[in-house]
Amino acid sequence: MMGMKQLSIFTDGSCLGNPGPGGYGVVMKYKQHTKEIADGFLLTTNNRMELLAPIIALEALKVPCKIVLTSDSQYMRQGITQWIHGWKKKGWITSSKQPVKNVDLWKRLDLASKGHEIDWRWVKGHAGHVENERCDTLAREAAEAKPKQEDIGYQA
């Protein structure tokens, strides 16, 4: 599509205890502009926060964009680029005939991705990648801030 805005999104999730208090961090870059988003939850898991971070970033966009989305979560990246196709065909059941974990967030991420051209990239965590380190700090600080907000979809 001609004239799509091109931006970079970096995401990370954190959880103290897993399950426990958790948070996500997002850094969005468009031209010379940078926006940071973070929030925390009372009880959640690291995987839920790794999924929620790109959801929040993508839901913040008002128009279809060309995006390079970088995360240190193989779970999120493989899920959205590979596993989700089979899950949808099988009615959100895994290859081992179990319900897909975090299905509420996978459906939301799938929906939030629509209309965008996304290059899903993985980066090794805690390896000095500036934006990933910033996301990690945002996510950890949100988790450590004694969040009261409930992660509605989390099931212990």
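Residue positions begin at 1 at the first shown residue.
Placement of Cβ uses the backbone N, Cα and C atoms for every residue, glycine included.
Taken from Swiss-Prot, the feature Mg(2+) 1 binding site covers ASP12, GLU50, ASP72. As annotated by Swiss-Prot, Mg(2+) 2 binding site applies to ASP12, ASP136, with the evidence given as sequence analysis. According to Swiss-Prot, the feature domain 'RNase H type-1' maps to 3-144.
Local packing around the Cβ, expressed as the count of other Cβ atoms within 10 angstroms, is greatest for GLU50 among the binding-site residues GLU50, ASP72, ASP136. Taking the mean position of the Cβ atoms of ASP12, GLU50, ASP72 as the Mg(2+) 1 site, the remaining residues of that chain whose Cβ falls within 8 Å of it are THR11, GLY13, SER14, MET49, ALA53, SER71, SER73, MET76, GLY125, ASN132, CYS135, ASP136, ALA139.
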